[in-house]
Amino acid sequence: MAAAFGRCCRVLRSISRFHWRSQHTKADRQREPGLGFSFEFTEQQKEFQATARKFAREEIIPVAAEYDKTGEYPVPLIRRAWELGLMNPHIPQNCGGLGLGTFDACLISEELAYGCTGVQTAIEGNSLGQMPIIIAGNEQQKKKYLGRMTEEPLMCAYCVTEPGAGSDVAGIKTKAEKKGDEYIINGQKMWITNGGKASWYFLLARSDPDPKAPANKAFTGFIVEADTPGIQIGRKELNMGQRCSDTRGIVFEDVKVLKENVLIGDGAGFKIAMGAFDKTRPTVSSGAVGLAQRALDEATKYALERKTFGKLLIEHQAISFMLAEMAMKVELARMSYQRAAWEVDSGRRNTYYASIAKAFAGDIANQLATDAVQIFGGNGFNTEYPVEKLMRDAKIYQIYEGTSQIQRLIIAREHIGKYKS
């Protein structure tokens, strides 16, 4: 019975993927480059959005609080998202994937995050892990590591952050020593999303022992199988928010990696790692917008039901003005990630817009979650109501994939550079 059900799910998923892939190809042929923004989604985009929205509201929201309480990894939801074609949207068509653009992936991400950003991060942690291979892998690497992720719901992880090197990626200490046709990896990584669930990792390590070597030549990117001898996976971290997401430290001790698992070549790793951020930060930003929209909706619903001083909360100008400010902010944050995603899909370097979207949406998610708690009053401080979880979940958006302060450094650098030129 179970085997038959599994075969049925695979057939249905294949049909769904074929339909969406066909529609995506048709839409691409019809799209004329250079026309600028369109505020009307394509039929395919509407379909993706509707599917993700239905999944979030009917399957994620009812169990989100329990996953937050237990910290259990949401395997059933991950499998279901995979079956629906909502997982791994960036995998190219020639590897069996949908080959969606960043804009389309962002629409899915926003809807999933509306349901629960912990679940959304668990589902979409793959996007960051996959991106270095998508942008820099050879055909053999892509088919081997991306192709198998379209055959079953496997996970991967992006192993860059270390205990002493977070925003300062150039400061990582993990070393890769070349010996013949293989590399010996030694070092420690920290705060790795999907670290204990991944089947393989993208790993950034220092391959040039010269401490004065520039970052764009000192680091190499590797694909490392998670079951390679010498890898020690740490305990699941107990985080403030997004608790069902799997976050761990990983130790690499004399881990052997074949040269065929090097991306591009020696010294190309830093550029690859940073290039991945340009493509994934819009998606992360869309997750922050999904949380912000949820905060606005919950606050509005509560204000329409709760009475104080003899009338509904929403009838008090102080509250209605708060909701107006929240609505303004969420719409502007949405526009920021859509602009950044559009830049990616147009084939342009989007570092500037990606950082604006990441910083702004992360800040807005925190502001709206805080405002929602305020509107709920004492109830907002209690776990029986949804907004306290939103407030805890929101904070990480100002930290992971580059802190809000780092984004501002990038924005300033890009802005000043454009001004001088």
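Cβ coordinates are placed from backbone N, Cα and C, and glycine is handled just like the others.
Same-site candidate for octanoyl-CoA binding, as annotated by Swiss-Prot with Ser167, Asp278, Arg281, Arg349, Thr351, chosen from Glu124, Glu225, Glu237, Glu401: Glu401. The recorded positions listed here are Lys212, Lys217, Lys279, Lys301, His316; among them, Lys279 has the most other Cβ atoms within 10 Å of its own Cβ. Ranking the binding-site residues Arg281, Arg349 by C-beta neighbours within 10 Å puts Arg281 at the top.
Look at the modified residues Lys179, Lys271 and count other Cβ atoms within 10 Å of each Cβ; Lys179 has the fewest. The record assigns Ser167, Asp278, Arg281, Arg349, Thr351, Glu401 to the octanoyl-CoA site; their largest pairwise CA distance measures 21 Å. DSSP assigns Arg281 (octanoyl-CoA binding site) to a helix in the three-state reduction. Spatially, by CA atoms, the binding-site residues Gly166, Thr193, Arg281 include one closest to Lys69 (N6-acetyllysine), and that is Thr193.
Cβ crowding, taken as the number of other Cβ atoms within 10 Å, peaks at Thr193 among the binding-site residues Ser167, Thr193, Thr351, Thr403.
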